[in-house]
């Protein structure tokens, strides 16, 4: 059945009311648990004094958020604003050489921040992968790229870096994050460059092209990854014109990001969604609805964090006349594994070079299985192999394949015949039931990577077994309402993208009203 199947308006209003009431109810439970347990001993390290305007403590459990928007906010803003000013001046003076200017500023910033030894390490990665790029053998490039990535992700090299810091000078706390981020993203960019060089029929890209690509500062430490073919085409475009109202849109997005940062910080004073899951004694006492809301809110927060951090970087890249990878799709909008990702840059990289390359059109079961296994094997290496990542990769790989198996099963008689006899609205409702169950598998499979295996297991036991049937069915009902609202949004977007043709009557002539 098509995506344009409509439901009655009153039914959608009912779904909206149920969903809103459930979110407010679950939020009130979490707020109550946060307020009543603010002085727990287990909260001492991750709940600190917040804004004095509120007179409440604040959840500071997420180091990455605090690093970006509190602890090292001024350092990051100074580097990015310096890039904007430096790039703007020299883009106006020498637009044909702006990629060189970007690289020079990036190299200087990396050198000053991390030191000569780190710079030498990154350049060695560039030299190695550029050498393999000249061979133009994809399997050799993958072998070299993954081996280089493994050198900073696997033991014992990893422990040596953490304990000795032989390759980094300086002592400020942010350097461990910058080291692994800088090296990891650099290796993935160099691999993209090498793979794109294989596709070039005449000659090779130069080593200078690689350096200009790799040392673009806004992307260097934190991503997102922009594949070389896209970056090279955009950064060498000398027709630097703005679309109508583009600067206004950039300013609006920047203000939106600022607003979201403030809203999140305010919420952290009332909802300790990051600290509570770490205290299993407290978690075990919460209601089923609180657990469901806690799991869901953790994934929503992770999306918000990714959207804001990548949004800030993308704003700078857009000022440089680039079209960077967009923030990930909100978890609320996801009910299939095929659209689940939290870093669109890495997702684009994996899809282009691995998943789509092996899986083709993704309708063959064994090719899809091979493609997903290879994709999640590389993802596991990228995230850093450990028990939690192995479990996360296995379940998400299984979920992606299981969706294809179910789709194949329901595309053959008698299931396809039965669905064909239904109305489009009923088909959409039945699919929504399955999508609601699938949504919670996505939540459970991913919350273990954000919190802990113990928390994910507790949520699963409470919602599936101990809470059955009341909690299980009520949570699925609310999720079903949310899925239908997402489907309605997709339906409206599909109508905008591809309007329904005007029906003709009387031999093809339009009926006059």
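Glycine is no exception: its Cβ is also placed from the backbone N, Cα and C atoms.
Curation plays no part in TrEMBL annotations; they are all automatic predictions.
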Of 158-176, 177-195, 196-214, 215-233, the range TrEMBL tags as transmembrane segment is 215-233
Range annotated transmembrane segment in TrEMBL (choices 346-364, 365-383, 384-402) is 365-383
Could you check which of 32-65, 100-133 is flagged in TrEMBL as transmembrane segment?
100-133
Looking at 12-30, 278-296, which one is transmembrane segment according to TrEMBL?
12-30
For which of the residue intervals 254-274, 317-337 does TrEMBL record transmembrane segment?
254-274
Is the number of Cβ-Cβ pairs under 8 Å between the transmembrane segment (215-233) and the transmembrane segment (463-483) three or more, considering only pairs separated by 6 or more positions?
no
Contacting positions for the transmembrane segment (12-30) when only residues 6+ beyond its ends and CB under 8 Å are counted
271-273, 276, 286-287, 289-290, 292-294, 296-297, 477-478, 481-482, 484-485, 488
